[in-house]
Amino acid sequence: MSVYGLQRLYIAGAHADATSGKTFDTFDPATGELLARVQQASADDVDRAVASAREGQREWAAMTAMQRSRILRRAVELLRERNDALAELEMRDTGKPIAETRAVDIVTGADVIEYYAGLATAIEGLQVPLRPESFVYTRREPLGVCAGIGAWNYPIQIACWKSAPALAAGNAMIFKPSEVTPLSALKLAEIYTEAGVPAGVFNVVQGDGSVGALLSAHPGIAKVSFTGGVETGKKVMSLAGASSLKEVTMELGGKSPLIVFDDADLDRAADIAVTANFFSAGQVCTNGTRVFVQQAVKDAFVERVLARVARIRAGKPSDPDTNFGPLASAAQLDKVLGYIDSGKAEGAKLLAGGARLVNDHFASGQYVAPTVFGDCRDDMRIVREEIFGPVMSILSFETEDEAIARANATDYGLAAGVVTENLSRAHRAIHRLEAGICWINTWGESPAEMPVGGYKQSGVGRENGITTLEHYTRIKSVQVELGRYQPVF
């Protein structure tokens, strides 16, 4: 028997049975316990979700921006009231420590909805004078029905990040969470309905990549926002373009560089590096997994990093003292262990970790020890490829130009950071780094006000910040003639 029982779809403001006859299971990654059996959507279910979204979107868009704003603010209140219960659900589904899910996942999701609720009334057009008797004005209008496809590392946060700007702009959204962590999106749907969002404006369809493909190719959907891996993102983008030239937002993978210069506060640098590699057991797309350290301070830096890694408290996610949990799935566990084996085989020096944790309460979970490799080279797989697990690669460099060139020598461009006390060098280096999200003397915070997205193959478009509303609206230009029309014939 499962903990949460049978989970269905959420369509037209209510839970709904799927018609596929298929289900999949979701497990607690810390214990292996069956959490729920989840119904998988069929093509007919996706059609049903699109039809209800169209109907709901017309009602939603007809409301005033202030009305939409008030409803979204009510959803924020409900999320915050239920923070602890939602955090426990997220802990069970993702394996994250309860201290993390209580402080981060629902909190940051609610913050983003609150942010866009405030911006809903600020969506406006322009007036452009042409001549005394003629002018142009523009309207920003909603796209219609949008699709959101989420990743398994931040399920409810991603659902909030994608739905908030969409709904604030007057759109509807059909959201597909990852089949690895499918539970919390259904709770968000219930909250939206309770807050007053019309039926159909936020639907949830469950399933694997085949359901994501149905959404990406559906002619009734105007936009797809996807978070996940690069190769899957390319497939989504191809389907979206080939079917109906949908607009897309892609937040994809990364292999982000963290550059520690020789004048850095090394205690600060070590704190940043450990956070940038081991928060959420390393399952964060922006993690700074390529740590470039100037040669003169490398040994002192490594010493500080290893001291901090030794203090990491791996344990049961429900223990409030735990700050390091399991990986989200057995498949991810196998992938990470494969990369660790590759690092060893290619000659990287194992400084910490490097194995699965199997003693005592770790035995039934998908735990990997926080792993640090030194003496890494740019051509190693652990340096070139996204691992999405708790594996830090330390590389040394001599000059600023060398560090920048090597940091940019990747197809990724999601995030980057520098640690230095030299203000001029900090900004100079950041301006040369090819990444969409950058940090100076810090790492990892992505507040609602900050546009998030990548360069190169790390993404298209942005999430969060004011500019994201541009990706959920379209511009209509209207010319008005006050004078006499001048005929051509």
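Glycine too: its Cβ is placed from the backbone N, Cα and C atoms.
Model, not experiment: these values are computed from the prediction.
What Swiss-Prot annotates here:
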type	residues	note
ACT_SITE	LYS162	active site, charge relay system
ACT_SITE	GLU251	active site, proton acceptor
ACT_SITE	CYS285	active site, nucleophile
ACT_SITE	GLU463	active site, charge relay system
BINDING	THR26, ASP93, VAL180	K(+) 1 binding site
BINDING	GLY150, ALA151, TRP152, LYS176, PRO177, SER178, GLU179, GLY229, VAL230, GLU231, THR232, GLY253, CYS285, GLU386	NAD(+) binding site
BINDING	LEU245, LYS456, GLY459	K(+) 2 binding site
MOD_RES	CYS285	cysteine sulfenic acid (-SOH)
SITE	GLU247	site 'Seems to be a necessary countercharge to the potassium cations'
- Item | DSSP-derived structure type at GLU247 (site 'Seems to be a necessary countercharge to the potassium cations'), helix or strand or else coil | strand
- Item | List of residues, in chain order, with Cβ under 8 A from that of PRO177 (NAD(+) binding site) and at least 6 apart | GLY150, TRP152, PRO155, ILE158, ALA159, LEU183, SER184, ALA185, VAL204, GLN206
- Item | Lowest local Cβ density among VAL180, VAL230, LEU245, CYS285, which the record lists as recorded positions, within 10 Å | LEU245
- In Å, rounded, how far does the Cα of LYS162 (active site, charge relay system) sit from the Cα of THR26 (K(+) 1 binding site)? 23
- Query: In sequence order, what residues of the same chain, 6+ apart, have a Cβ less than 8 Å from the Cβ of GLU251 (active site, proton acceptor)?
  - Reply: SER225, PHE226, THR227, CYS285, VAL452, GLY453, GLY454, SER458, GLY459, GLU463
- Query: Which one is closest to LYS456 (K(+) 2 binding site) in space, judged by CA to CA distance, out of the recorded positions ASP93, VAL230, THR232, GLU247?
  - Reply: VAL230
- What three-state secondary structure does DSSP assign to THR26 (K(+) 1 binding site)? strand
- Could you round the CA separation between LEU245 (K(+) 2 binding site) and VAL230 (NAD(+) binding site) to a whole angstrom and send it over? 20
- Can you check which residues sit near ASP93 (K(+) 1 binding site), meaning Cβ under 8 Å from its Cβ, same chain, 6 or more apart in sequence, and list them in order? THR26, ASP28, LEU35, PRO155, THR181, PRO182, LEU183, SER184
- In the chain carrying THR232 (NAD(+) binding site), residues 6 or more apart in sequence that have Cβ under 8 angstroms from it: GLY209, GLY212, PHE226
- Task: Write out the long-range same-chain contacts of GLU179 (NAD(+) binding site), meaning residues 6 or more apart in sequence whose Cβ is under 8 Å from its Cβ.
- Result: PHE24, THR26, VAL38, GLN206, GLY207, ASP208
- Secondary structure at GLU463 (active site, charge relay system), reduced by DSSP to three states: strand
- Length of the line joining the Cα atoms of GLU247 (site 'Seems to be a necessary countercharge to the potassium cations') and VAL180 (K(+) 1 binding site), in Å: 26
